[in-house]
Structures are given as structure tokens and as C-alpha cells.
Amino acid sequence: MSIYFLFFKKNASNLFLGGLLAVLSIRVWKSIFFYFNQGLSLIYLQIGLSACFFIGPFLYLYIKSVIAGSKYKARNSCFLLLGLLLLVVVVGFLYPYEQFPILWSGYFYKTINYQWLTFILASGYLLRNRFRKIEKASLNNENVWLLSVYFGVFVIWLAYFTSSYTSYIMGALSFSFALYLSSLLVFHHRKKSSLDKKEKYANHKIPLQEADELLEKVTQLLEEEALYKDPNLTLAQLAKALSIRPHLLSQLLNDNLNKSFSHFINEFRVREAIELLKSNRNLKMEIIAEMCGFNSNSTFYAAFKKVTNTTPAKYADNGPVLNS
């Protein structure tokens, strides 16, 4: 997941989130390896603790960049991260874990934990200011995710900070739980938002007079410009030609005609095909399908049967009436 944010979603906030997930993963994997292999090389313990030094800063920079949005300037943040990286490299070179295990497990461990906590508190202050300005109703997906990431990192810090009283593996388990819970919260909130939008959509019908005028406008445009002959015509393209929003056109067709966009357009194509069948019986069905805007023979036959209750060949002989 960190690779996705670091290399495929290249903006400041996603880079910081990718960095946060990367250092958390390093720390967690170190904990897992050490838990099952007490004889693990001390260099891995040093790498794991060094990664913790970046968790707090990445959390703070991620939250700050999301809140600031397009106004965020990443230059100073890069200097901060480079400075921290230089500090970690120099300290690690001068005081390697293998030669100074007591220093790392004592003073350095406490320093890293309190530095991590400091950035957690600073991040909490940013979130506090953000949520003081918005109401509960404004708790969108972005805000839910920010809170999930924040409290997830806090739970992980708490698990590692209290590991001497519980179990060393608790930090790794907390990370997995926090990541799962964050994803679950965002999924639930998106699902709830989608249901709310559908309910709102259903409760706001287009007034009858306005709907009749729109339908007349749609029909007139399609007949005069024969837009249905374009096999790649989309709902968005037709809405743009009508100068209305796509969801309004979709609602118009669903609520007032009880038809999908594809079925609505195919009716115009079938009517065109019927005229061609009447005027020129020598045309092949494949040619008629293409001339009317169908992109395949199977689609043409299926649409024709749905509209007329018969096949194109039988219609040419019998000429039944169109379905309403």
C-alpha cells in the first residue's frame, strides 16, 4: 500500500501517507521477526527503531498537507525530513546498536517514543482546529480517514510504549488492527454516504411540467441531430448537448419513463431501423444495424426484439406495432 501512495499517487499528502505506512511497516516487521527470532541481528533492531523516528513527523506532515490542500508548500517539509534523515544516519554511524545496545534500548528508545508522542500531540492540535470549524454533518470520507489514521497511529504508539507491561508483539498486532479498522470505517462511511445520496435523489422528483419540457427537448435534439446514430454516445455527452447535468438526465429517464439510458437511445435506433426496413428491403441487417448506431449485430437484434417483440426479419414481413 505504501508503494502505491509513494509511486502512483504523487502529491504531497499521498507521499507523506506512503512514507508513514512504509516506516510503520518497517517497525512492525522488525517486531514480528524479533518476536519469533530472538537472535536477530542487532542492525535490524537499529533500523526498526530508526523508522519509529519518522512515524510522528510523517503523521504530522500528512495531516497538515491534507488540511492545507492546494495551499500546502512541501519544500519546508522536505528540509525537515532530510534533516531528520541526516540525524538518524549520523547517530546510527557514530553509535551503532551492536556497540551501544544499552544506549539504544534506554536513552534512544525513550527519546524516539517521546518525539513520536510530541508529533502525535501536534497532529491532534491540527485536527482539533479543523473540527472546531466544521459540524458533525460535515464529517466526510476525508475527515473520517484523517481521524482513523490519527487514532491508529496513537494506538500503535501506545502499544509499543506499554509493551514492557503487555507483550512485545502487541505493537504489530495493533498496527494490523488499526489499518483494518481504518479501512472498515472509510468503507462504512462511503456506503452510508452513498445510501444517503440515493435517498436524497429519490426524494427529489423533477416537477412534472419541467420533466415534460426536458423530455420534449431531448426528443427534439435526438431527432433533429440524429445523435443516436453515434454508437459511442454516452449519457454525459447527451447531457452536455442539452446543457444539463448527467444525473438530472438519468433521473428524468428513470423516474418519468422508467427506462435506462441505453434502452431509451436504442428505441430511437430501432425506429430508424424500421424506416430503413420499410424503404429498402435489399439492405443487409448488418448494414442497417451500423447505419442506426448499433455497434454489433447481437446488440441490434436484442434491442429490436425488446422494443418490437419480434426479430428484424419478421418485422420486415409482418410490421408489428412498437411497444410503448
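Backbone N, Cα and C atoms are what each Cβ position is placed from, and that goes for glycine too.
Note that the structure is predicted; figures quoted are calculated from it, not measured.
For reference, TrEMBL has these:
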type: DOMAIN; residues: 216-318; note: domain 'HTH araC/xylS-type'
type: TRANSMEM; residues: 12-36; note: transmembrane segment
type: TRANSMEM; residues: 42-62; note: transmembrane segment
type: TRANSMEM; residues: 74-95; note: transmembrane segment
type: TRANSMEM; residues: 107-127; note: transmembrane segment
type: TRANSMEM; residues: 143-162; note: transmembrane segment
type: TRANSMEM; residues: 168-187; note: transmembrane segment
Problem - the domain 'HTH araC/xylS-type' (216-318): DSSP-derived helix, strand, coil residue counts - result: 79 helix, 0 strand, 24 coil
Fill in the blank from the handout: Whole-number mean pLDDT, the domain 'HTH araC/xylS-type' (216-318), equals 88
